[in-house]
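Annotated domain 'J' per Swiss-Prot: 5-70, in sequence order, evidence recorded as sequence analysis. Taken from Swiss-Prot, the feature zinc finger covers 137-215. Summarising the annotation, Swiss-Prot assigns repeat 'CXXCXGXG motif' to 150-157, 167-174, 189-196, 203-210. Feature annotation from Swiss-Prot assigns Zn(2+) 1 binding site to 150, 153, 203, 206. The annotation Zn(2+) 2 binding site is assigned in Swiss-Prot to 167, 170, 189, 192 on the grounds of sequence analysis.
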């Protein structure tokens, strides 16, 4: 299958300068990037084709060979492949074989264009949310420090009007090969640090980095039902790419703050409801809090501490859809404090009225002490 013209692939004229090439590549790379087109083989092929065209046309030597001889002038150079002379000067000899192996170990992996576009790094932002905001959904503003492309030099690293020069040490390859006896070891060029080019006049804004650091305020929409550990992805809001590569993404990771009343367990909420022994004994009606407001909870007579009551649909609606969870209310018996002498006397009278009566007033207590009595009797010889 014949290859398309590289200028046609990028949609530029043959006399386009590096800035125009980079601009065209950035637009097409973002359009066909695999992250934006998952499981799309056509887009993946387009992305590979665009990247290959950019790799050739941003390398002065390869572009010159391509302009003169077409694809025949650069076949075997674009897209990787460990070129160069082999052991004893022949192509594909022992030196190339061992160079590939040791290149992988020492940071090489074969000769490639050092100016090929590189995607920016992804960033993570930890966002603490109140439970109410996490359940209902909200919009928050966050401040994110990151690197962006330098506007002064358009990410080139060189002062506008100046040019980059081919590295005299690696001759534009970004790597140097060191012969160590029988083996050839490939290492990053110490002069250009793998760039393949040197900057004669660095950009006065970014000092040759091609990127500058800024802190940007972003508005993030938090969907209802988000939970601790959930991540919200903001495309292209990560670190700026290198050599015209697309930016990375920003992942906002949610963490729900502790709540004074409720504990969350997935889509369910839990809370403790204090109750006095009169209501627990005779029954009654209590007001309990929910995230939607107060509701009535009916307490049946003879309710024991620790009993759980379930309020259907008063929990959290899952972020990925589905019915809301429940609110689980655990009744906790509260012992009265700061009683007057008169109140204490009334309680003693009440206690006296229970003494000697049938054990059904305190079945658990009776069962417990009956068990203790039997335990010690069984221990007797």
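Placed from the backbone N, Cα and C atoms, the Cβ positions cover glycine too.
Feature map: annotations from Swiss-Prot on the structure.
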residue : record                : DSSP class
150     : Zn(2+) 1 binding site : coil
167     : Zn(2+) 2 binding site : coil
189     : Zn(2+) 2 binding site : coil
203     : Zn(2+) 1 binding site : coil
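Remark: secondary structure over the domain 'J' (5-70) totals 48 helix, 0 strand, 18 coil, with classes taken from DSSP.
Around residue 170 (Zn(2+) 2 binding site), the same-chain residues six or more apart in sequence whose CB sits under 8 Å from its CB are 176, 189, 191, 192, 196, listed in sequence order. Within 8 Å of the centroid of the Cβ atoms of 150, 153, 203, 206, where the record puts Zn(2+) 1, the same chain has further Cβ atoms from 151, 152, 154, 155, 156, 157, 158, 159, 202, 204, 205, 207, 208, 209, 210, 211, 212. The C-beta environment of residue 167 (Zn(2+) 2 binding site), restricted to residues of the same chain at least 6 apart in sequence and closer than 8 Å, consists of 174, 189, 191, 192, 195, 196, 197, 198. Taking Cβ-Cβ distances under 8 Å and a sequence separation of 6 or more, the neighbours of residue 203 (Zn(2+) 1 binding site) in its chain are 150, 152, 153, 156, 157, 158, 159, 160, 209, 210.
Listed as Cβ neighbours of the repeat 'CXXCXGXG motif' (150-157) (distance under 8 Å, sequence separation of 6 or more from its ends, same chain) are residues 18-19, 22, 164, 199, 202-206, 208-212, 240, 242-244. Sequence-distant neighbours of residue 206 (Zn(2+) 1 binding site) (same chain, 6+ apart, CB under 8 A from its CB) are 150, 152, 153, 157, 212. Residue counts for the zinc finger (137-215) under DSSP (helix as H, G, I; strand as E, B; rest coil) come to 0 helix, 37 strand, 42 coil. It is 153 that, of the binding-site residues 150, 153, 189, has its Cβ surrounded by the most other Cβ atoms within 10 Å.
Its Cβ taken as reference, residue 192 (Zn(2+) 2 binding site) is surrounded by 24 other Cβ atoms within 10 Å in the chains shown. For the zinc finger (137-215), the model's average pLDDT works out to 86.
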